[in-house]
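Participant: The structure is given below, and queries will be raised subsequently.
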C-alpha cells in the first residue's frame, strides 16, 4: 500500500511586492501589487509503506512547503495528495492522529513544564491509553536514554536532549508515518548518529514510513534507500542514492606523490592520448582528474611507467560534491529532465 | 465533548504548574486587572457627581450594568486571551504545531492561552451587582439566577465570536492589524446605557458590533423598565451570542485554510 501518494501537487503564494523607499511604501498603502510565487510546481511521487525517503534541495526549493502540505498544515493550490489514506487538509483532525511530525526548528514541547508533563498532555491530545502510553514511553526512553531528563523543564535542556525529546513526543501515539523536517540541524555528531540509529531501528522493527528533509547528506547516506531532490519547486531526481552518485558524479581524482620534482608538462606528455587534466599541487605532488570514460588502470599505467612514485591516493567524488554540483547547475538539470520526459 | 473537557482540565493543570510557581506575577496580574476595572468604575462615580441621572439611568443602575459587564468579561478574558494571536501563531508560525495535532485548532490556541486570574474580575463584578441589587431594592427570584447564567453565557459568546473573527483576520492579512485596540475601545461603549448615544452609534453597538448585548441590554433585564425598554431585547442575548459566535467560528475555519505558514 502507498503511504504517500502525490499527484501534480502545486502551491502558489501571493507575495506582496514592496516598492522601494518611502514613496513606494505610501503607494503600497493604497494599491498593493502581488507577485505570484509558485513554491511547488506540479510534483508527483509515491512512497510505499515502510520506506525511508530523503527529501533534499537547496533552501527555498519547496521542501518545507511540500512537507506542510503533506501534514495538512497548508492547503494545496491544486493537485491531489493522499497520505495514509486521507486527504490531509480535509480530514485534518482524524488524519494527524496517524502521523508524527518533527520540525527541527520548532519545538512541540511546552517550554516551562517538565518533559514528562508535555508527554502527558500529548497523551491526552492524541487519546493514547495510559497503558499504551507507559509501554511506549518506557521503550522510547530506554532507547534514546532520556531517563534522567524527564523531569526537567524543556528550557533547561540542551539542543541534543531537546531533539531526542521531540522525537519521543512525535512518536507517543505510534504513528505509521513520520515526517522530519531537518531533524539533525545543529546537533553534534554523537547525537546525530544516535538519532539515525534510532530511526533506522524503528523503521526496521515497526515498518514506520519516514520522510525527512535535511541538508546533511550523511543523514541521507545513513538512512535513505531513496532520495527525492527538489530544485525550484520541481523534482529533479527521484531514485536510489547510488544511482544518484553514478549518474551525477563525473569522474574521480588521483593524487600522486613523486620521488622528485616532476614538471607538469612531463606528466601531461605521458597521458597525452587520455582525456585527463592535471593540476600541480607543489613540487612533488600533482592531481590527475579523470572522467568515468577513462579507465583508472590505463591512466595509472602510463604515469607509473614514466615517473617514480612514492604514494597514490584515489578520491571518489563524495555526495556533498555531487549534490553541490547539481544545485549549482540546477537549471540545466531541469531542462534536461523536462526534455527527457 | 468529554475529551475536550478532559483536555481543558489538563491544560489548566499545566497552567497552574507553570504560573503558580511565579506567585508574585500571579498577584500582580490580579491586582492590575482590578485596578483597571476600578478606574472605570471611578469614572462612572465622577460622572454622577455632576448629574443625578444619565439618560434616565441612576448611578446605582449604571454601576449595576458595569458589574454585570465584568462577569462575562472576566470569563471571556480567561478563555479568550488571544491578544497576541497574530504575532505568536501567524508571524512566528506556531500555528504549524497546532495544526499537526488532532483537536480543533481554535480550541488548542485558546487552551494554550488560558488566563484564570481574569476570573477574579467576574467575582468582583458579581459582588458589585449584589450590592447594587440591594441598594436598588430589586425583588429577587430564583429564576433571576438562571437568567443571569443564560445572559452571561450569551454575552461571553458574543465577545468570543467577535474576537475569534478578529483573530481570524490575521489568516487573511499579512501584517498584524491594529484593529484589536480599536475594538477594545469600542467595546467599552457597551457598558453604558446605549440610549445616551446617537442613533448611528446605537445601531452599530446593537447590531454590527453588538457590544450592547454584553453590558447594558442583558443587565436591563434585572432593572426597572425604562422608557425605551431595552429589557425586551435582553432575551435576544443568547440568540445573538450563538449567531455571532457561529459567524466568528466560520470565519476562523475558513481562515485556517488560508494559513500560509512562516518561513523555513
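Residue 1 is the first one shown; counting continues down the chain.
Cβ from N, Cα, C; glycine included.
TrEMBL lists B:26-48, B:63-85, B:118-136, B:142-162, B:200-221, B:233-252 with the feature transmembrane segment.
How about a rundown of where these features are and what they're close to?
Facilitator: Note on the transmembrane segment (B:118-136): residues 30, 33-34, 37, 41, 58, 60-61, 63-64, 66-75, 77-78, 81, 222-224 of its chain, located 6 or more positions outside it, place their CB under 8 angstroms from a CB of the stretch.
Residues 64-66, 68-69, 72-73, 147, 151-152, 154-155, 158-159, 162, 183, 186-187, 189-194, 229-231, 233-237, 240-241, 244 of the same chain, all 6+ positions outside the transmembrane segment (B:200-221), place their C-beta atoms under 8 angstroms from a C-beta of that stretch.
Here the transmembrane segment (B:233-252) has Cβ contacts under 8 Å with residues 105-106, 150-151, 153-158, 160-165, 167-169, 171, 206, 210, 213, 217-218, 220-221 of the same chain, all six or more residues outside its ends.
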Participant: Could you give the residue numbers and ranges of same-chain residues that sit at least 6 residues beyond the transmembrane segment (B:142-162) on either side and whose C-beta is under 8 angstroms from one of its C-beta atoms?
Facilitator: 69, 71-73, 75-76, 79-80, 183, 187, 209-211, 213-215, 218, 221-222, 234, 237-249
